Amino acid sequence: MLPSTKEYAIGAVLILLVDVLWTGSNYISNTVLTHGYEKPFAMTYLCTASFTLYLIPFFVLIRQGSGREQAETWWSKLGFYLPHMSNAIPTRAGRPSYTAETRRPAIRLRPSSIDGRRPATDLPVSPRRKSVSRLPETQALIGQRDEEVPSQGENSSLSHAEALVHASELPPLSIRETAVLSMEFAVIWFVANWSFVAALAYTSVASGTTLGSTSGFFTLVLGSVLGIDRFSLCKFAAVALSFLGVALVTWADQDTSHMPQAPTKPLLGDAFALASALCYAGYVTLLKVRIGSEDRISMPLFLGCVGAFNLVAFWPVGLLLHVTGMEPISWPHDSLTTLGIVFNMCITVVSDFAYLAAMLKSSPLLTTIGLSLTIPMAVCGDAIRQAMALSLQSICGSILVLTSFAQIAWDENRSG
């Protein structure tokens, strides 16, 4: 069902709020990292650990025993629900099936974001394909739960329409499966965020935001290679525009050394931002391959588990960085820096919650285009701070990346 005008307006306001929060978070990180507290690992560790707060509502639900009933409430649509698997029932193919009670509360198809820090494109399993493609590593979660689809040549009396199961119609992942999945993906997720925070220490916020946003296009390319997304001519043109924009932004960064408050190592920062985009794209794509559809998983539960796993598993990395002298462990040198870090942790939790709410109130097209507004916001912010002049290259590069976002969103909306 399409959202009402009032809901659409609320969704638009929430998207703008998320844009402001994410852009502000990037500036806070940049300020903290460039004013005496150059510790990107510590910043990443603390912010990712804050996602553990998402587990609190699930502990409350467990104590209340709400997993027995899947009431379709606004709270559950945000992802705060306990997946409950009912007993399997036989089908005429001789394979187990699951009742409708196993499915999560209804939610509209949304742009794939996962950690929400960058806009990304939809990656639906295309119903145009004659079969649901399987890679060896997908069998653990997709193959394990998709027993309704007969193997090739088996029970040929079943029609093709009966054999094809859209990934979003599969049962949701259980709490245990979600926890295991979060452990499998926590490393690449942490590296993606660590690289992006490191980029903010060396390059401008505008460049880091623009280059980091190209994760959506790496996702598109990887999705097409793995056969889980349709690569149209329109999307190819969007990817070309995006990389042209990246080249222009990188070129503009080479001419900032003479400016006041210029980035210390802009090209190194740009490289970190692109590495972050590539890692994030790999993370999103592999997650899509593993579970088939993002709608099968409770994102707050997944992020909470990722935060808890990072909190427990990554402190030895910080200790190793301290021992080697690469990033000595130390408390912030002043109260403002401490306040900035704490405020950034709060933004991480609040902004992603607002992002989930915005996706429910608006449409995928509005969400995708709206979140890409962080690019012009960052460009204008850098111009005000005089960290990066509004050169012709940077303006054109940002416009090209922004245009490519709109082009992909339009193509997805038209074909969807």
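Glycine too: its Cβ is placed from the backbone N, Cα and C atoms.
Automatic, uncurated: that is what TrEMBL annotation is.
For 7-29 (among others), the entry in TrEMBL reads transmembrane segment.
Under the heading transmembrane segment, TrEMBL lists 41-62 (among others). Listed as Cβ neighbours of the transmembrane segment (41-62) (distance under 8 Å, sequence separation of 6 or more from its ends, same chain) are residues 29, 32-33, 75, 80-82, 175, 189-190, 193-194, 197, 300-301, 303-308, 310-311, 314-315, 317-318, 321, 327, 329, 341, 344-346, 348-349, 352.
Sequence annotations record features per position, and here TrEMBL assigns region 'Disordered' to 109-137.
The transmembrane segment annotation in TrEMBL covers 185-205 (among others). Long-range neighbours of the transmembrane segment (185-205) within the same chain, counting only residues 6 or more positions beyond its ends whose Cβ lies under 8 Å from a Cβ of the stretch, are 23, 26-27, 29-30, 33-34, 38, 40-41, 43-44, 47-48, 114-115, 117, 211-212, 215, 253, 256, 263-273, 275-276, 279-280, 282-283, 286-287, 306, 309-310, 313-314, 378, 381-382, 387-388.
According to TrEMBL, the feature transmembrane segment maps to 211-228 (among others).
Positions annotated as transmembrane segment by TrEMBL: 233-251 (among others).
The feature transmembrane segment is assigned by TrEMBL to 271-289 (among others).
Positions annotated as transmembrane segment by TrEMBL: 301-324 (among others). For the transmembrane segment (301-324), the list of distant contacts is 41-42, 45, 48-55, 58, 79-80, 114-115, 175, 178-179, 181-183, 185-186, 189-190, 352: same-chain residues at least six beyond its ends, Cβ to Cβ under 8 Å.
TrEMBL lists 336-358 (among others) with the feature transmembrane segment.
Sequence annotations record features per position, and here TrEMBL assigns transmembrane segment to 390-410 (among others).
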